[in-house]
There are 2 protein chains.
Amino acid sequence: MNNVIIGQSGGPTAAINASVAGAYVRAKELGAQKVFGMLHGIEGLVNGNIIDLDIYLSDPTNVELLKRTPASVLGTCRYKLSDASKDDTDYKKIFDVLEKNNIDKLFYVGGNDSMDTIMQLSDYAKDHGKPQCFIGIPKTIDNDLPVTDHCPGFGSAAKYIATSVKELIRDNQAADTRNPATVIVEIMGRNAGWLAASAALSKADDCTGPDAIYLPEKPFDMDAFMKHMKELSDKKKPILIAISEGIKLADGTYVCELGGDVATDAFGHKQMSAACKVLADKLSSELGLRTRTVELSTLQRAASHMASLTDVREAYQCGFEAVNAANAGETGKMIIMKRMMYQLGGNENNWSSECPYMCSYGTYDIHSIANYEKMVPDEWITSDGCGLTEQFEKYARPLIFGEVTPIMAGGLPRHLVIKEAL
Amino acid sequence: MNNVIIGQSGGPTAAINASVAGAYVRAKELGAQKVFGMLHGIEGLVNGNIIDLDIYLSDPTNVELLKRTPASVLGTCRYKLSDASKDDTDYKKIFDVLEKNNIDKLFYVGGNDSMDTIMQLSDYAKDHGKPQCFIGIPKTIDNDLPVTDHCPGFGSAAKYIATSVKELIRDNQAADTRNPATVIVEIMGRNAGWLAASAALSKADDCTGPDAIYLPEKPFDMDAFMKHMKELSDKKKPILIAISEGIKLADGTYVCELGGDVATDAFGHKQMSAACKVLADKLSSELGLRTRTVELSTLQRAASHMASLTDVREAYQCGFEAVNAANAGETGKMIIMKRMMYQLGGNENNWSSECPYMCSYGTYDIHSIANYEKMVPDEWITSDGCGLTEQFEKYARPLIFGEVTPIMAGGLPRHLVIKEAL
């Protein structure tokens, strides 16, 4: 095997580095002489900023540390390659770096935008008779990539969100009974509500779960919301609701926009401000409720101290499988996960994914993945629009199972730092 | 030993329930027939809302679960007893409940306001020839109780804050290099900056630590702040600063007040809104910085999933020692912790508290504690006013050592619920 390179892109997750670990380990097993890392993703590659990962990862302890390190250890970027037919400057630079370093396999860990990069690069290689293979490794806390059962990164974020929401519910329910508070927890997710939905996982016999959960998949009906909150508050009990940052009215206006200006990022995504503040102000001024807002913010994508073992293992395996796929000559593909289904009681119409939960791995054409988004299915949202059905729980619960014991030093989780990426 | 009762008051912590566990276990060891719990603190006691804790705690697994449960398991309150000389209604009701239930020892886990309650009750008992003993058990994430070396609850909050800040720094430093962000993390602490100071503990050879930390102990100089931020941003690197919610200008105006209205709670404390938003707006409009704010909010007092073992053990021991003190006939006291000092190298002028860190326990007159606040010493703040010295680190680091393994079920930490308190 010639040399390979791996990079990371987009928003970090608690499991994104496990994919680098998996790809590194497998490439070495398959005889790659060098495994390079792009510093700050494709933007670094364009500029020739790459490092030999042996410096850090030849020590197996560091591989373990890497699996427990949040945020992209190699640095990330939000860099969109231009259309090669209009401007191929970046492409020429990239293939120049690959050829000079004898790299014939490129792996990119990321979400929708990063898969666009893999698509552009593999298409360019095909169009220009280049031999390199390009494989995408799924990663996004948003869980919105199509085809794959779920995305590495989601399980850890979901575990952190469900844990934090459970603790916030305890905190709120323990409070002064005379003046119960209404807590609004704002959770990431522009268009897909998977993360906010995860708040539902806090429900168990030791936790009531949130009183309502609002996802961007359903138009947000302000009148129905206020009516529901009035009914809840009439019970004079502490209330906690979870909302997705991306909830929007039927006319497409984001709830957060009702509170003021928003900006737009390099990919044309609207930057959200706090929808929870808009709702809290309304509940306070119109219903006289005592409100508190909690934005889980970037904490939810960085909390490797509460990572899901299932998630970290799967992220590792996705990196591992990406190398296998490229080694078999595949290109222009993303690694996907498929949940195993078990036939029950010899009945060919009765299948379950629950005993035990397990995923197999495969590849899928990047053209059917890049720039598509997977939403929470309509039938997994309760008919009142503010809850999740048992089907969601069956889907999501196995993804938060197990803990990754942090390696502690000085009372804090230890992280691997790649100094060149700082 | 006759029956005893324990209650919890004020803002919860991740370790407050460990004190209930310690008091329960010790009272049972000393032969107490019944250990009652007040539901929602002294307010519940006034109304006769008490339960027999044997229902929940006679099972040792539940005692372990209790140590891992955040927020006041018995419910809390913010109820200030009236001056008995003006209105003794509450006192009569309380002593009536105590006498009817053969309770002669009362324990109250709380912070400054709760110690006021212990003072009022013990004074009333003395003035009226009542035999009951009243002992305060320190608890506050704010770490602002005087006399005691530190307060149970602080270590766990500090560990969570330092861990989260470390993760946020990783997240920010991994980001897109073209447009580095300035992250402002807002941490609890109205008057005392212990919690914000804990962000400094994130610094290690795998973490730069925050670029600046602003505490309420030092007047906040807006011009100096803007100048410092300009210097930092000129380096074109990601920036993360930590601020206490209570930072205020030299004239006493809270920074958060520069952004709008504030309210006042039952004890006359000003309710903070977000100082981080005020500063972020200013940095954005005046220096053109891309900012992000993170409010650790109630997460930081509820995060038992990242509790400090040292803290939980000490909180347990404080409950344990409170029962010992009452059993010895003490009243009107609070349990305090004293850090062990070791003489080094036979030199009588050379003492250290570091090898190993350990605390002994004692009691202290509640009149010298109630309503006083302990601040971060001036000499522990660096001369530029926005950092902590090594002395702070020596003081705080041992308090975050060790982890309390959560008991997990369904992928989430398991909690004990006392249904009567909901």
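The backbone N, Cα and C atoms fix where each Cβ goes, and this holds for glycine too.
Per TrEMBL, the features are as follows:
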type: DOMAIN; residues: A:3-325; note: domain 'Phosphofructokinase'
type: BINDING; residues: A:G11; note: diphosphate binding site
type: BINDING; residues: A:N112; note: Mg(2+) binding site
type: SITE; residues: A:D113; note: site 'Important for catalytic activity and substrate specificity'
type: SITE; residues: A:K139; note: site 'Important for catalytic activity'
type: BINDING; residues: A:T140, A:I141, A:D142, A:M188, A:G189, A:R190, A:E245; note: substrate binding site
type: ACT_SITE; residues: A:D142; note: active site, proton acceptor
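In this structure the C-alpha atoms belonging to A:N112 (Mg(2+) binding site) and A:K139 (site 'Important for catalytic activity') are separated by 9 Å. Looking at A:N112, A:T140, the binding-site residues in this record, the fewest other C-beta atoms within 10 angstroms of the C-beta turn up around A:N112. Separation of the C-alpha atoms of A:D113 (site 'Important for catalytic activity and substrate specificity') and A:E245 (substrate binding site): 20 Å, rounded to the nearest whole number. A:G11 (diphosphate binding site) and A:D142 (substrate binding site) are 10 Å apart (CA-CA, integer value).
Taking every pair among A:T140, A:I141, A:D142, A:M188, A:G189, A:R190, A:E245, the residues listed as contacting substrate, the largest Cα to Cα separation comes to 16 Å. Listed binding-site residues: A:G11, A:G189. The one with the lowest count of other Cβ atoms within 10 Å of its Cβ is A:G11. Under 8 Å, Cβ to Cβ, and six or more positions away along its own chain, A:K139 (site 'Important for catalytic activity') finds A:Q8, A:G10, A:T13, A:A15, A:I16, A:S19, A:V109, A:G110, A:G111, A:S114, A:C151, A:P152, A:G153, A:A315, A:C318. Summed and averaged per residue, pLDDT over the domain 'Phosphofructokinase' (A:3-325) gives 94. Taking each of the binding-site residues A:I141, A:M188 in turn and counting other Cβ atoms within 10 Å of its Cβ gives the largest count for A:I141. Neighbour density around each Cβ, counted as other Cβ atoms within 10 Å, peaks among the recorded positions A:D113, A:E245 at A:E245. Other residues of the chain with a Cβ within 8 Å of the Cβ centroid of A:T140, A:I141, A:D142, A:M188, A:G189, A:R190, A:E245, the substrate site, are A:G11, A:D144, A:I187, A:A192, A:W194, A:L195, A:S244, A:G246. Across the fold, the C-alpha of the residue listed as 'diphosphate binding site' and the C-alpha of A:T140 (substrate binding site) stand 7 Å from each other. Counting every protein chain shown, the Cβ of A:R190 (substrate binding site) has 18 other Cβ atoms within 10 Å.
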